[in-house]
Structures are given as structure tokens and as C-alpha cells.
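A.B. asks: Encoded as C-alpha cells, here's the structure I'll be asking about.
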């Protein structure tokens with residue numbers, strides 16, 4: 001794999017629901033090991049953008065390449081794409097009928113056909129990594145939101161993805177549990193995991209992001225390193241938004 | 001002791017001929033076994049039809065969905081006895097006869113065979129609807145999480161959607177299976193030797209109609225009670241801490 005090439009490359013992405021354009025001419029690159037944060041008001045298409053990257057949402061024009069795989073290819077190998085792209089959701093979306101350990105182990109066994117013994121070893125290590133040792137045999141319904149979200153992160157990591165998508169993963173959490181999850185994500189980023197985050201946590205974005213993208217009404221209004229975006233925004237729309245949330 | 005119990009009307013004086021008449025007893029036991037066997041086979045088959053049908057209903061193929069919904073409409077909206085007659089008399093007469101091991105010409109599908117087909121399809125149509133309701137109660141976000149992990153549609157159904165839907169569907173499924181056990185008495189109409197059929201044979205000979213009627217009620221209460229007990233156990237075994245309570 002050529003490390004100079006971007007891991008995720010988006011060009012002129014267009015996404016419409018009927019007559020409504022939700023994403024317009026979106027282009028950006030995320031390099032291996034980079035952390036990109038997408039910020040912007042609700043309804044600006046941030047989550048839809050993430051869902052396009054792992055082919056959960058189809059798009060009408062443009063191109064998304066992930067590790068050389070063209071997402072819009074009609075013959076797309078979805079499994080091949082999704083094993084490379086992990087995703088964590090706002091509502092955790094754990095499988096409620098499976099224990100923590102089973103949640104983390106399921107996909108590598110069922111989807112990738114990996115050896116149960118190896119997967120279990122990896123799963124236990126990841127559960128420890130997100131600081132949930134001792135919770136292996138608990139069911140999601142017995143955990144707090146922050147704990148569930150960390151299980152969701154471990155579940156994604158167990159597929160050994162090359163890039164992780166985080167879709168407002170702390171939006172449903174209270175301030176205290178929020179911090180546990182953010183610490184986990186920061187550690188991931190420090191380990192060199194490529195991350196694309198949609199977030200309302202401006203402080204967190206400022207701290208971990210290499211690039212910040214401000215989106216509004218389906219377009220990227222402005223982007224740059226967090227220092228520039230947060231301290232010296234060029235566009236009036238960006239300033240307006242930051243004044244509201246900071 | 002036994003003789004002391006036997007009054008002029010047979011054992012216990014109640015006209016319970018199945019206790020002291022070997023022929024009646026073996027006929028009754030055979031009827032009981034037939035009912036149990038018929039019920040179990042139809043439960044398993046209708047369950048399988050429910051799983052497969054609910055899966056096909058969510059398929060992208062319009063033809064597949066159309067076939068399943070036509071099947072449900074036909075079997076849900078017509079009387080089960082009419083369905084049984086349709087299979088036994090209409091479809092059965094169209095099938096060729098086969099020669100059995102004694103060299104005799106026999107119908108390809110026996111009356112018991114038609115009862116199995118008919119009742120399984122009848123209960124299966126309801127099971128599809130029952131599972132569909134359970135599937136619709138599984139949050140789309142949970143399904144999406146499975147897809148994002150790379151699960152195929154079948155993998156998602158098998159490992160995530162159906163296990164969750166089953167837990168939601170179990171009470172309604174129980175009702176339908178209870179109904180199925182009771183519906184097996186319709187096989188009487190095509191001379192399948194199940195409980196009702198053998199009982200009728202016994203009472204027309206012994207003239208103990210009232211006794212046999214009461215016995216039938218008790219036996220069915222016991223059979224259905226066992227089924228309900230089993231389903232309740234299953235429900236409890238599938239219960240997950242922190243889910244749905």
C-alpha cells in the first residue's frame with residue numbers, strides 16, 4: 001500500500017433525496033493516520049456523508065475511494081469495503097441479545113470466517129483496551145450509555161478496520177460518560193488509527209483533529225487545521241456557527 | 001382390586017372402556033400418538049415456513065414478495081377444513097397412484113400426508129405474519145449496525161434480526177401453535193386416526209359418548225397445557241437481562 005496516497009478520497013460527491021440535494025460537490029482527502037473532524041449545524045448532511053463512505057447510503061454522482069476501492073462501483077464488494085471501514089453510531093446500536101464479548105466477537109467470526117480462538121483473544125484485549133474488563137459476560141442493556149458506546153468501539157475495532165467513522169458518538173451521553181468515550185477515541189487516534197468524526201464536541205475537535213471541515217447545507221464551507229478554523233475562520237457562516245456553539 | 005373397581009359398566013363404572021378393553025385402549029393410545037405426532041410435525045414445518053416466508057417478504061425481489069403475500073391471503077382467509085378438503089380431494093385426485101411394497105395401488109400422498117401439508121401451510125401463513133410483526137419491531141439502526149460490520153442480508157437476518165424478532169413474536173406464536181394443535185382434530189374429516197377420530201369409533205361401539213367427550217376435553221387441555229408450558233420455558237430461556245423489560 002502506497003502511504004502517500006490518501007486512504008479516503010472523496011471527489012465531487014453529490015447526494016440527493018429526490019429533488020432535495022443533501023450533499024453538493026464534496027471533495028476531500030483523509031490520509032492514513034489522520035483525524036478529520038466534520039462540524040456544522042444539524043441537518044447539514046454530516047451523518048449522510050459518513051454513511052456514503054461505507055455504502056450505507058447510495059449517492060448519485062462523484063466518487064469515494066477507500067483504500068483504492070471505488071464505493072460507487074456497481075459491482076462493489078460491500079463486505080470488502082466494510083471490513084476496512086469501522087463505524088460507531090450515536091445510539092451505540094449494540095446487539096441486545098448478545099453479551100459484550102459476543103458483540104465484539106460476532107462479526108469477525110461470521111463475516112470474515114476467522115478462528116474463534118484467535119478472535120476471542122483479540123476481543124478480550126480490545127475490551128480491556130476500552131476499559132471494560134470484567135464486563136465481558138454482561139448484556140448491553142445492563143451497561144451505561146458510555147460503556148455501551150465503548151463496547152461499540154471495541155466491536156468495530158475487532159474487524160481490524162483501516163479507518164473508523166464516528167457519527168456523533170457522544171451526542172446521547174451525559175458529560176461524565178462522554179469523557180470516557182472521548183478518551184478512548186483520543187487513544188485510538190494517538191495509536192495512529194485513521195478517524196473521521198462527525199461531532200459537536202468543539203473542544204475535542206480542536207484537540208485531536210488534523211483537519212476540520214465545516215459543513216452547512218450540504219457543502220463544505222471551509223476547512224483547515226483546527227487552529228485556523230477555530231481561531232481565525234475566514235467565512236462569515238463559520239464565524240456565525242462558532243459564535244453560537246463555543 | 002381391579003375387579004372390585006369394575007362395575008357393570010366397566011372399570012370405575014364410568015364407561016371408561018379404554019381402561020378395561022385392550023382394543024379400545026390401544027386404539028385410543030394410537031389416536032393420542034397420532035395427534036401428538038401430527039401436532040409436532042406441523043409445529044416444526046409451520047415454524048420453518050414462518051422463518052422462510054418472513055425472510056422472503058423482506059427480499060428485494062418483487063415476485064418473491066408477491067408469491068408470499070398471495071399465499072398468506074389464501075391460507076389466512078379460507079377455512080382450514082376447506083383447505084384440507086381441497087388438498088385431499090382436489091389435489092390428491094390429480095396425483096398419480098403408486099405401487100406399494102405389497103404390489104397394491106395406493107395414493108401418492110396419504111390422508112396423514114395431506115393433513116401435515118394442509119395444517120403446516122395453514123399455521124405457516126399465520127407464523128409469517130407473526131414473525132413479520134416481530135421483525136418490524138427490530139430497530140432499523142440495529143440492522144444498520146450489522147450491515148456496517150459487513151453482514152450480508154442473510155447473515156443479518158440469521159444472527160441479528162430473527163433472534164430479536166423471535167423474542168418479540170413468542171407470545172403471538174404460542175397462540176397460533178395452540179390453535180394449530182386444536183386444528184388437528186379437523187383431520188377427522190379425512191379419516192386420519194387422531195384422537196377425535198378414534199374416540200368417535202370407540203363411543204359409537206361402547207355408547208359412552210359423554211365419558212369420551214369429557215376425556216377428550218381433559219386430554220386436549222393436558223396437551224395444550226404442555227405446549228404452553230414449553231413455550232413459556234422457551235420464553236424464559238431466551239430472556240435477556242436489560243432487554244424489553
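Glycine is no exception: its Cβ is also placed from the backbone N, Cα and C atoms.
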A.B. asks: Among B:6-26, B:111-131, indicate the range for which TrEMBL gives the feature transmembrane segment.
C.D. replies: B:111-131
A.B. asks: So which range, B:62-80, B:81-99, gets flagged transmembrane segment in TrEMBL?
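C.D. replies: Per TrEMBL, the stretch marked transmembrane segment is B:81-99.
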A.B. asks: When you scan the chain for residues with a C-beta under 8 Å from the transmembrane segment (B:177-200), skipping those not six or more beyond its ends, what do you find?
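C.D. replies: Contacts of the transmembrane segment (B:177-200) (Cβ under 8 Å, skipping residues fewer than 6 from its ends): 27-28, 30-32, 34-35, 38-39, 42-43, 46, 80-81, 84-85, 88, 111-112, 114-115, 119, 122-123, 126, 212, 215-216, 219-220, 223-224, 227-228, 231.
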A.B. asks: Residues sitting near the transmembrane segment (B:27-55): Cβ under 8 Å, six or more positions beyond its termini, same chain?
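C.D. replies: Counting only partners 6 or more residues beyond its ends, the transmembrane segment (B:27-55) has Cβ contacts under 8 Å with 18, 68, 71-72, 112, 115-116, 119-128, 130-132, 135, 154, 157, 162, 165, 173, 176-177, 180-181, 184-185, 187, 192-199, 201-202, 219, 223, 227.
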